[in-house]
Amino acid sequence: MLELEFEDVPNNIGSTFDPESGYTNFQRNYLPGVTLDQIRIFYIKGREIKNSLSKRSEWEVTLNLGGWKVPVLNTNFPGNRNNAVPDYGLTFHRISGYLARYLLGKYLAETEPEKLIMRTKIVNPLAEKNGITWESGPEVYLSFFPGAEMFLGTFRFYPLAIGIYKVQRKEMDPKFLEKTMRQRYLGIDAQTWTTTKLGEVEAALKVVSGLGWKKTNVSSAAREFLSKFGIRM
């Protein structure tokens, strides 16, 4: 006779992942020696990288970005999405957020000539396609990178504000805000900051709402070129 056996499983006690600790580990092990050109490749080729990962079943993959090699746990493949990711494990999403945080810190600490170089080399496709450029401010521009929501304090709630704005405009399903709504804000848990930081979120949303969003297929370099002829896009 067929016997079906079932065993009890422990209750889900929640994730132990701490983005701050994860970033520190990433910074120590993978950021020394990394260049802006290598980071540029990661973001410019982001969609291509994700598409490639989604078609490969391997759980552990190494990305070679212009000589910068970083290991990735392939959660982009449908069959891997329920795999447990260690606290210090690197997914595409985590790497994106870590690099965004690194770029913001680097930008704010640099001289004006170095900032100009960064603005030239680092392009955020998700911001650019909405007509948002570095001119909107580094915190805003870099907040469009996936994973920036892990650092709501560093990015002054802009990742959340961008998500709220997209939902209000019917450009994004509200369910995609769930991950952001679980994040901490400068060490404050979500249950607390959602009641004590409403003013800060509203201020961030006001900034984001006033950015003059517009869909465009023209790059920032092309817009700058055309502006020399009095053409604004």
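The chain as shown is numbered from 1 upward.
A Cβ is built for glycine as well, from the same backbone N, Cα and C atoms used for every other residue.
Annotation source Swiss-Prot lists RNA binding site at S15, D18, R47, K50, T75, R81, R94, V123, P125, E128, K166, 182-184, N217. In the three-state DSSP scheme, Q183 (RNA binding site) is classed as coil.
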For K166 (RNA binding site), the number of other Cβ atoms found within 10 Å of its own Cβ:
18
Based on Cβ atoms within 10 Å, give me the single least packed residue among the binding-site residues S15, T75.
S15
For a quick check of packing: other C-beta atoms within 10 Å of the C-beta of Q183 (RNA binding site), how many?
17
Taking every protein chain shown into account, which of the binding-site residues R47, R94, P125 has the largest tally of Cβ atoms within 10 Å of its Cβ?
R94
